């Protein structure tokens, strides 16, 4: 299973084509739109989210609410396009038009963004050609793709949720998720302005975000994704590129501004002894093989153990600052303050939604690689058989 996305931040639309979905999978625009709305929310979003109302249009591969087995095409329109039709138009400029009047060219790259190196790589003197595609706006359609993947996982008894565990050093009490189902965690998260399970920490996060906004600065944080209902043995120890944790790490780091990833106890493992890290194996007739703890985050040897998968990612502060850092004009080579584009003071809550969906996509992809089927009922039967096998092993 694979997908491609196309579209610029201020272009007419974002488009994706998904190939490899089994037929007979229930999909509705309503469910995808719910996830798109979550991505637009969270305290700290900028003015762009006041302009856009992201909704998906399913234009191919689905009929009467079910996939056909052919490629699925999704489109999310950019409402702001009407203000950028001349600036971002695909057709060559007319001879009597002064390019400087409409292009809004950028020659002062922002530190920490793709602007300068992207311009070098693709030969763009106008750095807008870089930032329009490197913008996190592209994650809109990745959430739509992940929402489709979640629909598939839901049919297989696998559920997923993400929440914010830290913003600018303010840490949530993550023990509050213990003993709760994914649905229970989601209900708490969706009602919170920072998508956090800890209301005390969330209130402090809100204050910190507001302070950063007033200062023209930005702040980052940490998000956690929990996957419940995973069968054991998904992934492989045989080759490096089939390890499930490696694939999930790559997915997390593919999100704009994400710079680190960990599983289970994560980097805390470096400060513990082996007896305090590894999960003891137990067996019961009711559950089969399970673990006494879940310090490794549901992964051993590049494979799922059947315990909940727990993966965290760290997001750096957004590089677009309203009090910009020092940069250099690539045309004059003179020092200047970096260019300023509309941006968020903190996008960690929104990024947690993106993380949830890229992880969902990766897990769905690995499952379909391991249990390939052209139609959903056959896939469900294979998963059920696999679960019975691992339970009785």
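Keep in mind that glycine also has a Cβ here, set from the backbone N, Cα and C atoms.
Record features, source Swiss-Prot:
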- 39, 45: NADP(+) binding site (BINDING)
- 133, 134, 135, 256, 257, 301, 316, 317, 318, 319, 320, 342: FMN binding site (BINDING)
Exercise. Of all the binding-site residues given, 257, 318, which has the fewest Cβ neighbours within 10 Å once its own Cβ is left out?
Worked result: 257
For this session: Based on Cβ atoms within 10 Å, give me the single least packed residue among the binding-site residues 39, 45, 133, 316.
Result: 316
Exercise. Taking just the CA atoms, what is the gap between residue 133 (FMN binding site) and residue 39 (NADP(+) binding site) in Å?
Worked result: 18
